[in-house]
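Report on one structure; see the data block that follows.
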Amino acid sequence: MRHSVKTVVVVSSLLLGTALAGGAGAQSAGNGVPSTNVNTPAPNTGQSTAQNTNTASPLPYNRATTLPAAGTEDLKKSVQALQNTLTELQALQLQTKQAHWNVSGTLWYTLHELLQDHYEGISKFADDVAERQLSVGASSDGRAITIVAASRLPEIPGGFLDDAQVIQFFTYQYETVGQRIHQRVGDVEKVDPTTANLLQEVEHIIEKYQWQMRAFLQNTPTDPNTGFDINNGKPVPLRGR
């Protein structure tokens with residue numbers, strides 16, 4: 001009789017240990033560790049299960065990576081376009097805020113307020129671009145070292161900034177960034193139209209900001225303004241004029 005009780009206790013202990021191990025495994029999987037169980041059904045992406053048999057794939061199941069023409073190489077195009085745009089937007093965030101603080105001259109208050117608007121708009125789109133990059137399965141790199149090394153944009157001068165200097169600087173800077181983003185739209189529009197649409201929105205706002213700076217100096221038939229009034233009687237040079 002004692003042997004029977006002992007056997008029951010041992011068996012019960014083994015069963016309890018197995019259950020606890022199973023629970024720990026389930027908890028580990030729930031904490032973000034990928035499951036290696038090949039029988040786990042693939043997420044429902046609206047495509048046949050034959051296209052989603054690799055449960056160990058590092059790519060997420062979303063529109064950017066399950067399009068018929070897409071895959072690892074096309075994902076790289078989207079990530080590169082988004083990361084480069086993010087880096088440039090972050091550089092512009094820093095530069096617009098630097099100019100917002102330090103602009104001087106006749107138009108200092110107008111530019112002070114305008115640059116704050118630009119800073120807020122650029123910050124909003126920087127966040128959208130970073131989150132889109134996460135949506136397609138890559139991390140976003142917003143570190144200061146990355147901004148300095150990879151933005152490939154001229155640095156804004158330190159110290160006080162003359163209003164004419166600020167206008168010229170951002171007219172060129174926005175033009176450069178807008179042209180780069182326009183190129184990226186073409187690079188990704190077929191394989192990742194959602195990313196392309198977002199980049200078009202960014203391009204639109206950057207072109208708007210470029211116009212708002214350029215308009216301070218732009219000639220019209222009735223006003224041949226070239227910046228004399230804010231540049232000590234000398235024209236402010238702009239390309240194409």
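Note: Cβ is positioned from N, Cα and C throughout, glycine not excepted.
Reduced to three states, the DSSP call for His100 (Fe cation 1 binding site) is helix. With a cut-off of 8 Å between CB atoms and residues at least 6 apart in sequence, the same chain places Leu111, His112, Leu115, Gln116, Tyr119 near His100 (Fe cation 1 binding site), listed in sequence order. The Fe cation 1 binding site annotation in Swiss-Prot covers His100, Asp127, Glu131 and is backed by similarity to another entry.
Every protein chain considered, the tally of other Cβ atoms within 10 Å of the Cβ of Glu131 (Fe cation 1 binding site) stands at 12. What Swiss-Prot records for Glu131 is Fe cation 2 binding site.
The compositional bias 'Polar residues' annotation in Swiss-Prot covers 33-57 (among others).
Look at Swiss-Prot and you will find 220-229 (among others) tagged as compositional bias 'Polar residues'.
The region 'Disordered' annotation in Swiss-Prot covers 25-65 (among others).
Residues or ranges marked as region 'Disordered' by Swiss-Prot: 220-241 (among others).
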